[in-house]
């Protein structure tokens, strides 16, 4: 427990025998932190009451020879948390029980101590300007400390559960973020503004788990990463300057259970590959890097819009200056390799020496370098003129040969392949635009890169718009989220039904058990399912034909039966514990078997049912009365769908027709056109703001006819009287093999674009921008 393994950031492969070990303390190491202004200095805290500073050099990495600490401070209690001051040289903050201490490590003495917390302090974080320290503790309080002026101290109620908490300051802003647990043991994230500390600006409540979220924040891009111990999912959030302030962007799903996580400094990223952040995930016996990269057509030039100047690895004050009340000016440095070279790596800092005399701001450095170059060029020209005058006075002038022209430089190709790997999360163009907007609002915008001669890239889009989801991957959730070992499913569900339905809390699936059984499973209860005899669900007494969850009530489900009845069931709070036999509502909907049932998307207590009697009926559940009866089908109705606004119903039937109904105005279809040629089954759905219909079905041919057989159903002005600008139907067919096609639909085109082909072994999602 008193040892640390030391690895180089670029190390890969097995390290079981070659791992360098730092024998740091005699008891368990509780926390450690790298120095922000020297990449070789590491501070460690331990239960042995010691704070030590180590210099990790290449010799340390190549051997296990015991080394002595540069600084060894004896604390008054067990050290729980340790953090370097972001601006003051030789100031280290440490948590010792319920007390917070600031140590001047150059003098090995405490310069500040406070025990205002009534219980153990769990986390601390400095604002990057170094003037205020934030802390959270087991006393359920969030405190702000100004060690130099206690009148600026603040306190507010934090998370209601004191199991654990974390706090992180969002760069050099007035905002900070805390993670912890709510009263129901659910994980919480709270965003606060220090000017109104008592009221969170935004909040998020997640699932129940034993591990608190570890917040990792990048102030340059406002990217927030959340992961907890024992989790396999890493969440990426955006911190916005407007509502909703916190917005989840994507989630990385891995296979390694996290034991810890760290954010790699911006100075170590592959900026010429578009890498904006990298997370190191610590597993049981491995370290997994997760790279976040922005896709670009070319990585030849430095993309300044993605990489603004970052905080410089240099202190701005000495410890005595900071304690005297001087304010520090946060310096920044450019990440452009042509400007910095190897200067981003900082080593050999002498503790207590304070800031260097030169300013690290990239623009100032560039100006000073250019002025020096101008001076040198002027002096060289003067010397050259003097030498020329001397030479001319001694020798007669002779004609000088003309300078040979240099060979022309061939322009380098502009399109250089990206090094982005398939496993790396990719940031969407929407997020890139947000980053651009955030950077443009800063006081010192990044300079645009210089244009280099390049061959003009020829376009190959042929007038087609590229999908904004072209980099989106579909991933299967880890096995701990699966519901497995289900009993045998029933074989009596007809082809008109999807045979499966889910909402945000539950899933319904028909099981081949006695009594016509529809199982109701809670999504929160993942894992191995119970046997059919012990599984909770609905005993419908009649054969289940179709079922559908109420979109306005996650505890209500409608079931259509072969007797023509429609049953409405209410699931109690917390889910079913056993089988139930009596529905809340049961009424006769059709004289023949009901085949499809669907709730109205906008109005509560309204459903529509289709039947073998070739009608669709609309029902009011409060009075159980039929309101409308839609007719006009000459063969079996295969499927129907409400429009998103609930005004129309679209149907596809076995007579190879697609029909549009306006139930409140006519019982007959207001428009119809050709549908799928096959009769094995079909599905229909409204897309693109109800301007188009997407239909899937079968063709009469035993082979797939391909995309050229897709046809438009109706003219663009067919429904202009209904306020719909354009209307059409696109048909994607199933092949007779195991592969299907996922298509994108564009409302200003008469063509379907096949975006991504999906097979049984994997899935990717594709769409087109409407």
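Residue positions begin at 1 at the first shown residue.
Cβ atoms here come from the backbone N, Cα and C positions, even for glycine.
Record features, source TrEMBL:
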- 22-64: repeat 'WD' (REPEAT)
- 114-155: repeat 'WD' (REPEAT)
- 372-429: region 'Disordered' (REGION)
- 398-411: compositional bias 'Pro residues' (COMPBIAS)
- 439-458: region 'Disordered' (REGION)
- 461-527: domain 'DUF1899' (DOMAIN)
- 587-629: repeat 'WD' (REPEAT)
- 630-671: repeat 'WD' (REPEAT)
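Remote same-chain partners of the repeat 'WD' (587-629), defined as residues 6 or more beyond its termini with a Cβ less than 8 Å from a stretch Cβ, comprise 494, 496-497, 545-553, 558-566, 568, 635-637, 639-646, 649, 651, 661, 663-664, 667.
A mean pLDDT of 95 is what the model gives for the repeat 'WD' (587-629).
DSSP places the residues of the repeat 'WD' (630-671) in helix, strand and coil in these numbers: 0 helix, 18 strand, 24 coil. Helix, strand and coil counts from DSSP across the repeat 'WD' (587-629) read 0 helix, 24 strand, 19 coil. With DSSP states grouped into helix (H, G, I), strand (E, B) and coil, the repeat 'WD' (114-155) comes out at 3 helix, 19 strand, 20 coil. In terms of DSSP helix, strand and coil, the domain 'DUF1899' (461-527) has 3 helix, 20 strand, 44 coil.
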